[in-house]
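Engineer: Can you read through this structure? Questions will come right after.
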Amino acid sequence: MKKLGTDLLKRGFAKMVKHGVVMDVTNVEQAQIAEDAGAAAVMALERVPADIRVQGGVARMSDPEMILEIKDAVSIPVMAKARIGHYVEAQVLESIGVDMVDESEVLTPADEVNHIDKRAFTAPFVCGARNLGEALRRIDEGAAMIRTKGEAGTGNVVEAVKHMRAVNEGIARVVGYKEMGLEAELIQMARNELKVPMELISEVAELKRLPVVNFAAGGIATPADAALMMQMGCDGVFVGSGIFKSGNPEVRAKAIVEATYNFDKADVIGEVSKNLGEAMVGINIDEIPEEKLLAKRGI
């Protein structure tokens, strides 16, 4: 009989990378640069989001051999992406020992209706969310970590800011209703708007935050971007294309780690932001055709 990881164990792993940076890497050399820079973990994938966006086509789980090579090369946790709803890709990633599976909208969805039942796995999962409803639905499915979706591969933090603000505003509403004793409104919010069990709403009201670690992702390209998301209440950051699509990946990686850890110290952020070289070329969100937006995948 398969042994399933408990929510406590899965969420415990997520807390281990709290206040850290998870960096997208496509090979062993990049993984070693990330580890040397102080990354809390790496996300192993064959193409960073910026390349997926440009090249198009169907984006799938990466070659397990490439993931294993990266696992053998570094001592920090290694994560990998599965398509939304593709539970067999997730089974494969779990079988090769990835530390966390990202059920990711960056890849082409396999199921347009259902997400993976994450409670059926021992490996913990991270999922993206644009608002409190999406976040809590993924947690109800068994996600041990949430991240903003942002708009991956753009180098533009505006969507990540929008999504984090929406989550924060949703939490504030829940807490406000609870403090005013508006139980009927909370029940209606849970049932009709958020579509999650009341137990999750009660947990949010008590904690005044999500019950799992919440990272920023999507469009983070500079140390200041990382610090901005941390000041908004994120527990850490994912950086995809922003490091290895920049002019000086080694220096930028270290700078983003420093800024994430010292997010409330403007002098430190200013110092590490000096002489970073060219940032990745960004994309304005309003220039992206509606059908090319990744964040709308998987609600």
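Each residue's number is its place along the chain shown, starting with 1.
Here the Cβ of each residue, glycine as well, is placed from N, Cα and C on the backbone.
In case it helps, Swiss-Prot gives these features for our protein:
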type     : residues                              : note
BINDING  : ASP24, GLY153, GLY219, GLY240, SER241 : D-ribose 5-phosphate binding site
ACT_SITE : LYS81                                 : active site, schiff-base intermediate with D-ribose 5-phosphate
BINDING  : ARG165                                : D-glyceraldehyde 3-phosphate binding site
Engineer: Give me the count of other Cβ atoms within 10 A of the Cβ belonging to GLY240 (D-ribose 5-phosphate binding site).
Structural biologist: 29
Engineer: How many Å separate the two farthest-apart Cα atoms among the D-ribose 5-phosphate-binding residues ASP24, GLY153, GLY219, GLY240, SER241?
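Structural biologist: Overall maximum Cα spacing for these binding residues reaches 12 Å.
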Engineer: Can you tell which of the binding-site residues ASP24, GLY153, SER241 lies nearest to LYS81 (active site, schiff-base intermediate with D-ribose 5-phosphate) in space, using Cα positions?
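Structural biologist: Closest by Cα: ASP24.
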Engineer: Rounded to the nearest Å, what's the C-alpha distance separating ARG165 (D-glyceraldehyde 3-phosphate binding site) and GLY153 (D-ribose 5-phosphate binding site)? Just drop the number here, would you?
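Structural biologist: About 20 Å separates the two Cα atoms.
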Engineer: Around the residue listed as 'D-glyceraldehyde 3-phosphate binding site', how many other CB atoms lie within 10 A of its CB?
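Structural biologist: The residue listed as 'D-glyceraldehyde 3-phosphate binding site' is surrounded by 14 other Cβ atoms within 10 Å.
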Engineer: Taking every protein chain in this structure into account, which of the binding-site residues GLY153, GLY219 has the most other Cβ atoms within 10 Å of its Cβ?
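Structural biologist: Of GLY153, GLY219, the one with the most crowded Cβ is GLY219.
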